[in-house]
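Trainee: Shown below is the structure under consideration.
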Amino acid sequence: MASERLHLILLVFFNHLTFLLSQQEEAGFIYNGFGQAQAGLHLDGAAKILFPDGLLQLTNASTQQMGHAFFKKPFKFDSYEKKLSFSTHFVCALVPKPGADGGHGIAFVVSSSIDFTQADPTQYLGLLNISTNGSPSSQLLAIELDTVESAEFDDIDKNHVGIDIKSLNSVESASASYFSNAKGKNQSIKLLSGDPIQIWVDYEGALLNVTVAPLSIQKPNHPLLSRSINLTDIFPDRKLFFGFSAATGTLVSYQYILGWSFSRSRMLLQSLDFSKLPQIPHPKAKQEQTSPLLIVLLMLLVLIMLAVLGGIYLYRRKKYAEVREVWEKEYSPHRFSYKSLYKATNRFDKDGRLGKGGFGEVYRGNLPHVGDIAVKRVCHDAKQGMKQFVAEVVTMGSLKHRNLVPLLGYCRRKGELLLVSEYMSNGSLDQYLFHREKPALSWSQRLVILKDIASALSYLHTGANQVVLHRDIKASNVMLDSEFNGRLGDFGMARFEDYGDSVPVTAAVGTMGYMAPELTTMGTSTRTDVYAFGVLMLEVTCGRRPLDPKIPSEKRHLIKWVCDCWRRDSIVDAIDTRLGGQYSVEETVMVLKLGLICTNIVAESRPTMEQVIQYINQNLPLPNFSPGSLGIGVSTPVLLESVFNSRSSLAPSISPPSSHNSMFVTHTITYGDGR
């Protein structure tokens, strides 16, 4: 009886031991590469093991493929196990085909069957088809690594990880990333990079966790996805197959599994040995033979590009083209490049235009290391002789006087000259005399300006190496600096004379109202400048233009009108009403009378500029004369011939004028409308 009982106990013990051993065999497995694993795996479709490395390839970058690799034996979970549990760790790689977008991805699969003959590739990942997707009879759980955004499955992007239950519409998904334990935040990871990626899938206590990381990173502390799932509801018979599925469509890639570890228990899961994992092949782009047509098209494209670039070069060359001759080398320090002036004036922008006169337009600009400038574009008459023209421009730039607008240099291109001068911040005098939007100048300011211009003219006539005739003195050519000092500018018709030279003049130049009567017969001289300065004195004191056709005829000619006022013993009536009576009567009357002396139609009766300075500074008394004196108050040359041979004893006697034919220098700085 005792022996029978002992025999029964031993039988039960050996049966239980056999059961435990079989359970341990089914508890898990590990593949560090798949070189010896073919007998334990079920492969179908495009799936195969690449020898000798033992790399498991699911697809080979061909279109419309699917491949499956499952552990052959199902794992049975007995009914006494209240909850299913498992853990797996695998390393995969999705390698793009050179020159193609990859697709569609890899899925780790838990299924009640390994028969996927009815499944479709492409977005169905070789797991389902349009009929079975979402069907209650589909006993399937998949962790998808999806590299294509499928709108029909509401994919979030083309680089995401998702949990799929009976359908490719993920119940949980997130863009591929991993939690960095070092940085304490998620870091993105690209699935279709060709690099090995680690995936952990842990299911325990009805909680499914999916964790992702690059090969070089240990398992992160936090999973990417976490979802409560009851697998018993999905797999009521509790018999489960574990494996992988991958698919391509028109989008293709190489999809590999490098190593795989599986266990029923997370605590018993074996670690993969990365040193034993196979290498990932990276295909090189095929060097396709270039067709002759493509070569011709490329050559044609190159020729077109060269033509376009050549056109741009020629356009820019023409745009910035300048005329340079050998003789100009000696003047190079005074020459500016057209490109620098083009940029300085913001391409001669109209908003920067300061004025427009008879000789050209003036623009404001700014040059580095120079500052604010005024640039006048002058159309040059080639008949005048360019070499002499440039020489006189440069010589004009050498004139140094505090009451001259400094000429900084020039630029020459084709029939155009650009003259560069210092910018005068307060513009021209005529704006303050005739434009009501400008404030009226006080008498003291006007007198200072007249003295400044007289000083500048005296310098031009006697202070330079050569006599310089300005030939266009008027209010619009008198510039005002920041302190309202007068500066004589616009040498648009200026010319040089050697002392004692005498050459006939062939044409009269100047501005109507400022031109001396003898210009038509005797040409220019220093006395023609004195005449114009006399008109300027009347203009500044009266606040009127020398000729104004809009007013009654008896007041139309400024010189005659001032003389008429004097003749009526009311010369103060000619004074600018904008002064509001705030002026010295003695000074204003002196300036008006001096203006009449300077505008005497008998040139020899006009004072020199040196004498004008003495008079205007009241260092000398004015000559004794009256409105009826010969040549006084005559604004037209009608009486010129009858009085020219006479001599006025009431005005200083001046030596005979000389007139010369010289290059006229077109240097104009006009800030108002030229007249």
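Note: Cβ is positioned from N, Cα and C throughout, glycine not excepted.
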Trainee: Going by what Swiss-Prot says, which of Asn60, Asn624 is noted as N-linked glycosylation site?
Mentor: Asn60
Trainee: Translate the DSSP assignment of Asn60 (N-linked glycosylation site) into the three-state scheme.
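Mentor: In the DSSP reduction, Asn60 (N-linked glycosylation site) maps to strand.
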Trainee: How big is the gap, in Å, between the Cα of Asn186 (N-linked glycosylation site) and that of Lys356 (ATP binding site), rounded to a whole number?
Mentor: 68
Trainee: Let me check the 10 A CB neighbour count of Asn186 (N-linked glycosylation site). How many other CB atoms are there?
Mentor: 16
Trainee: For the binding-site residues listed here (Leu354, Val362), which one has the lowest count of neighbouring CB atoms within 10 Å of its own CB?
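Mentor: Comparing Cβ neighbour counts within 10 Å for the binding-site residues Leu354, Val362 gives Leu354.
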